[in-house]
Amino acid sequence: MRHSLILLGVALSFLALVESGVLRREEHEFEKWTNVLGNGDAPPPPKYKMLRYAKKVINEPENRKMSCFFCTFAVDGVQALIAQNSTDDEVAAFLVNLCDLFDVEQPHVCKNIIYAFKDEVVFVLERSVFTPDEICGAFIANCGHSDKPLTHMWNISIPGGKPPIRPWPKIPDNKPTFKVLHLSDIHIDHQYVVGTEAYCQLDSALGTYAMCCRDYSQDSMGRPTNMKDKPIYVPAGPWGMPYLCDLPYQTFESAMKHISKTFKDLDYIIITGDFEAHDSWDYTEDLTRENMNNMTNVFLEYFPNVPVYVSIGNHEGVPQDAMAPHTMPEYDKRGPQWLYKIMSDMWAHWIPQEALDTVQYRASYVVRPKPGLKLISLNTIYCSEFNFYLYVNEVDPDATLEWLIEELVDSEKKGELVHIISHIPPGDNYCLKGWSWNFFEIVKRFENTIAQMFYGHTHYDQFMVYYDMDDPNRRPFHFNWISPSLTTYDFLNPAYRIYEIDGGYEGATYTVKSAQTYFANVTEANLKNKEPEWVLEYDTKEHWQLPDFSPQSWADLSDKLWTNTTMFREYVKFFYRNHYNNECYTDYKCRYTFVCDIKKGRSYDESFCDHLKR
């Protein structure tokens, strides 16, 4: 119990870095980006933008000493309370008061975020290898001695006998295609209130867990707060705000009406996770069940004859990301069986009974939507760095990668092609290194069998390329489609994507033939007081003038984004669906981050980017 409270104290100590001035240099760097916004786009608060990079910044060499100081200071402070025989509740109350003191968030959030994660973190730290003195070293480089849980490596057995590598297939002319809708990160906020503050970071020192566009004039007990008489700087409009706000329900319904009327020929829908709002401090099992039932009914209403294939998101967990594998002690008490049952009930409308067995075990499943095509929905919350249960034993939770290999071997033998849909892109540092690196090797082994991969989670319109580092020419051998989010969180316009896929006949490639991204300018909709207009933002192949969607074409595009300023600025505009970061191209670090994220098919591995020079 005490170790976990120390860890929570460490988290709060990172917030103090902002107030100390350690990160103010970063704030200045982000501030200059806010001066070039146009077309009604919202200026992002530099402090929030800064905090998105805080995890990276505290580990930069020039900041590590101060980061380490505050971390060890917090640990020592909590240990001092423990030495005074303070109770666990007293130490927790101290952390809540510290959160309030720094004005990190509304008092309700300060209290609930600590208590929401307390039991999980307590349970894990009591069974982990960390002592209090090692906690800082686990998360800050050169601050004590500890193994890094985020970069712990382990290996899985991958069968040999890889067939000769085939060239990326060319889609023949005049062959059947089918149409697929890709939705991701819907994040509906049922507490969205029109007229409330959309720029709520102005009234918070840090806004770490801030959710704007909500009524904070009263606390959970109905008592007035210090926000009661605050002026409203940016009133929340009826159709959503490109600030730190999730999506109003009516905007989600607007999108569903538009899509169902515009695309009457959808063969199926893929949803790559995250239905809940970002208020993780208020998550409950009952609320998740209610929201998922409501969401299911919406899709059945607007798309009654269209199969919907879903992959589970990290915000479905209670607490967020908490999905323990079966090897976890007390699994019957702490496991996510209640959640997998909700998913199973929802997905039963669209997937066969035999697939539901693996849903109930690991929240993954297999369906065959077309002859010769296997679709695998993969639970990547088993690689989430915030799934603290994994730190007891990270090695292949619930044998999910082993199961994936078995499915790929089966398809390889049958001559099937495979689509993978999932939530967290394996190249994102949100995914633990060991899981990501093993997945990378699996994709490399079965590159002939895996036709396409579709992800979400980041909320951004982006892609990732897989490079073979054993090849002297760094051969690009695969890539990820990553869909933009439907939510506006954070500083985005809502969007979705339509794919036309070659398939449904013998010998089909089952690769994407065309991809169009649609979006709505909610700022414009609010100004006109009219329902959002959902319009084509761009056609991927036409806009980027790609000859095809082969890994080589995506790799060539990433190289052009590094050297061509005009193209890079277009990419950033599509990335956010507005003009946010419009001057990023003038800054080497910013440009490097964007392009390296494209080339980094494995988390915590920037060796793919070592050729990106100034």
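Just so you know, glycine gets a Cβ as well, placed from its N, Cα and C.
Annotations in TrEMBL come from automatic prediction, not curation.
The feature signal peptide is assigned by TrEMBL to 1-20. The domain 'Saposin B-type' feature in TrEMBL is assigned to 64-147. Annotated disulfide bond per TrEMBL: Cys68-Cys143, Cys71-Cys136, Cys99-Cys110, Cys200-Cys212, Cys213-Cys245, Cys383-Cys431, in sequence order. The Zn(2+) 1 binding site annotation in TrEMBL covers Asp185, His187, Asp274, His459.
Closest by Cα distance to Cys200 (disulfide bond), from the recorded positions Cys136, Asp185, His187, Cys431, is His187. For Cys143 (disulfide bond), the count of additional Cβ atoms within 10 Å of its Cβ stands at 21 [all protein chains shown].
Model confidence over the domain 'Saposin B-type' (64-147) is summarised by a mean pLDDT of 68. Reported as a whole number, the C-alpha separation between His459 (Zn(2+) 1 binding site) and Cys245 (disulfide bond) equals 13 Å. Listed in chain order, the extra residues whose Cβ falls within 8 Å of the Cβ center of the Zn(2+) 1 site residues Asp185, His187, Asp274, His459 are Ser184, Ile186, Gly273, Gly313, His315, Gly456, His457, Ser485, Leu486, Thr487, Tyr489. Around Cys431 (disulfide bond), taking its Cβ as the centre, 26 other Cβ atoms fall within 10 Å, counting all chains. Counting in whole angstrom, Cys68 (disulfide bond) lies 35 from Asp185 (Zn(2+) 1 binding site) by their C-alpha atoms.
In this structure the alpha carbons, written CA, of Cys110 (disulfide bond) and His187 (Zn(2+) 1 binding site) are 22 Å apart. In this structure, the C-alpha atom of Asp185 (Zn(2+) 1 binding site) lies 13 angstrom from that of Cys245 (disulfide bond). If you check the recorded positions Cys136, His187, Cys212, Cys213, Cys245, Asp274 against Cys143 (disulfide bond), the ones with a Cα inside 10 Å of its Cα are Cys136. Counting other CB atoms no more than 10 Å from each candidate's CB, the disulfide-bonded residues Cys68, Cys245 peak at Cys245. Its Cβ taken as reference, Cys212 (disulfide bond) is surrounded by 28 other Cβ atoms within 10 Å in the chains shown. Scoring each of the disulfide-bonded residues (Cys110, Cys136, Cys213) by how many neighbouring Cβ atoms lie within 10 Å, the top position goes to Cys213. In sequence order, Ser184, Asp185, Ile186, His187, Gly313, Asn314, His315, Glu316, His423, Gly456, His457, Ser485 are the residues near Asp274 (Zn(2+) 1 binding site), counting only same-chain partners six or more apart with C-beta under 8 A. Cα of Cys431 (disulfide bond) to Cα of Cys212 (disulfide bond): a span of 27 Å. Of all the disulfide-bonded residues in the list Cys136, Cys245, Cys383, the shortest Cα-Cα distance to Cys212 (disulfide bond) is found for Cys245.
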